[in-house]
Amino acid sequence: MHTAYVPVPAPVRPPSAERWPLAAVAELFELPFLDLLHRAQQVHRQHFDANTVQLSSLLSIKTGGCPEDCAYCPQSAHYDTGVDADKLMPLDEVVRAARAAQANGAQRFCMGAAWRSPKPHHLEAVAEMIGAVKALGMETCVTLGMLRDGQAEQLKAAGLDYYNHNLDTAPEFYGKIISTRTYQDRLDTLQQVREAGINVCCGGIVGMGESRRDRAGLVAQLTNMEPYPESVPINNLVQVEGTPLAGAETLDPFEFIRTIAVARITMPLAKVRLSAGRETMSDSEQALCFMAGANSIFYGDVLLTTGNPQVEADRRLLQRLGMRAEGLPCAAGQA
């Protein structure tokens, strides 16, 4: 497959957030499923090509040994998950991975490091990686944990397009998942990113035992940011043996799709990213996510340390749906 890069327009900055009280978001979740999808698809078509998705690739540039105790995370040093801590990946390996992702059709390259917060020398190395990936013509995103004063500006100077820092869940449920980092810590980092002029990538995880009201609370937090994030990844919990959430009750797929739809309705200009958890979804469930307004997928066999549908399976799915990758002239995988 030929995957010559076609530039993608810069994201449209969302306007000042329309206020969505928690009660109004919760009402969306209560709509009949088909009514909710119809409304989400209408909103989606007002702002995007409904048959186009952006392909993103995610690379763990520093795996394991994280001091945080996020109950879902196999990279936490608090849990025995079989994930060993390693050092920061060398620049040449990162560039090689980015080239491979681009050759497979990805236009967006995300780099994640299992840190509580990056040290100055680490940030200098990441800045080099950002520059090298940007030189390939790819959109860049990093997730490095909490940022200290001046670090967001350093990343901006390196050319970073997006910084990912998820809220994970609603404030009311947050304490059941994480104790080593406060909700306000997350909001403070997001504010630094916004003030530095970097696009915000912020979403959450569902299927951690939260209620529907908690899922509404997460979306309400996101949509009422000023402005709401340009990029909203919605993750379905990937249960990893050794983490506290291993063995949690599996979320009804319709609830996950509802979350995608409500995110699309309340954040109409955002890229809503179908993120972790796709490996366990059927093709039909993924198609419903696209119907609900998801317009980006993470592409590649591994997301950080967890599985993801194989590249060829994604190509076949997009072909069957008559969808295409953003910036490419035809459905992914077609000649």
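Glycine is treated like the rest: Cβ placed from N, Cα and C.
Cys73 ([4Fe-4S] cluster binding site): 26 other CB atoms within 10 A of its CB, across all protein chains. Look at Swiss-Prot and you will find Cys66, Cys70, Cys73 tagged as [4Fe-4S] cluster binding site, backed by sequence analysis.
Feature annotation from Swiss-Prot assigns [2Fe-2S] cluster binding site to Cys110, Cys141, Cys201, Arg273. For Cys110 ([2Fe-2S] cluster binding site), other Cβ atoms within 10 Å of its Cβ number 28. Mapped onto three states, the DSSP output places Cys110 ([2Fe-2S] cluster binding site) in strand.
Positions annotated as domain 'Radical SAM core' by Swiss-Prot: 51-278.
When Cβ atoms from all protein chains are considered, those within 10 Å of Arg273 ([2Fe-2S] cluster binding site) total 26, not counting its own.
Between Cys201 ([2Fe-2S] cluster binding site) and Cys73 ([4Fe-4S] cluster binding site), the C-alpha separation comes to 19 Å. With all protein chains in the displayed structure included, the most crowded Cβ environment within 10 Å among the binding-site residues Cys66, Cys70, Cys141, Cys201 is that of Cys201. Apart from the site residues Cys66, Cys70, Cys73, the chain places the Cβ of Glu68, Asp69, Tyr72, Pro74, Gln75, Ser76, His78, Ala114 no farther than 8 Å from the centroid of the site's Cβ atoms, the recorded [4Fe-4S] cluster location. Listed in chain order, the residues near the [2Fe-2S] cluster site other than Cys110, Cys141, Cys201, Arg273 are Ser56, Leu58, Arg108, Thr143, Tyr162, Asn164, Ser231, Pro233, each with its Cβ within 8 Å of the site Cβ centroid.
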